[in-house]
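Peer 1: Next up is a structure, given as structure tokens.
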């Protein structure tokens, strides 16, 4: 039994080591809400709200998440008894959407649950691997800079490279990278920057043996993705289009993609992520675990999730040093010969370094059973 006695929200502001650009936004500063939940037996769990500051990825932002957590979700969870973390999303189901806010809260309860059971989060989720392959993302930049970055990551052992593309920086960019790295596992992420009328342009990418094209069309264009996939040899991977197991079911039934990116934050938490994983396993749909420029709290969670059997493609799970001069967890997330070890320690398997985190905390909100 888990009864949450106290929740603290830490508002963090951290600077990336260098700006990260995609087809929509350039990111330098990253804001987070870190969730610390303590149950009545004194066990602490950690979660992370990974929404961005502006609604370029989904409609959620750090600001909207804060509102939903303070005014609706946390009052609904504090003082309530849960037998299992999957009961948390059930308790919040009457509130529509706001999945990233829900995910941050639920993940803290998963951490508590695993710690009380004396098992790793990976084991609690049903993971079967002791290490997961590491992949990395390269943002849009001048070609020479991107080539140098890819070469550096290849030397570090990353098993898959994802590049961002957009109209005007696509076919020639991929061609140049393929010319330099003819055999490297390579995929392209469009972040919804194309329309169905661009089909001939996207078909040109078939010549470069990409693992996949991620989210070429708008998030709600699931039918258009079906039409596009029929004309492409390259597999389409859906990201923003998949926010629930029902979205995944529709995409599978329509044939809108061949691969699905599962991000716990995007789909509302680990419980929904497990449902999507199991559905994809049933339908032999490949999946991989995406990332969102997160701290080690979410990275540790993603490593645990990616240890499940249907995660057959290296995910966006890179070392802490990819984005941060220092992470807020110990040990930080590191790759070794192209893999990240799955922790066997109870819970997330990492500890929040309070001394480091305090450097980046701008505000705190505390919630208890008695207000």
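Heads up, the Cβ atoms here are built off N, Cα and C, so glycines get one too.
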Peer 1: Which one, 172, 204, 214, 253, is listed by Swiss-Prot in the same Mg(2+) site as 189, 239?
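Peer 2: So, going by the record in Swiss-Prot, that would be 214.
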Peer 1: Starting from residue 164 (active site, proton donor), work out which of the recorded positions listed here (189, 214, 239, 263) have their Cα within 10 Å, and give them in sequence order.
Peer 2: 189, 214
Peer 1: Measuring Cα to Cα, tell me the gap between residue 239 (Mg(2+) binding site) and residue 263 (active site, proton acceptor) in whole angstrom.
Peer 2: 8
Peer 1: Go through 214, 239, our binding-site residues, and report the one whose Cβ sees the most other Cβ atoms within 10 Å.
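Peer 2: Most Cβ neighbours within 10 Å: 214.
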Peer 1: Return only the integer: C-alpha distance in Å from residue 189 (Mg(2+) binding site) to residue 263 (active site, proton acceptor).
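Peer 2: Their Cα atoms are separated by 15 Å.
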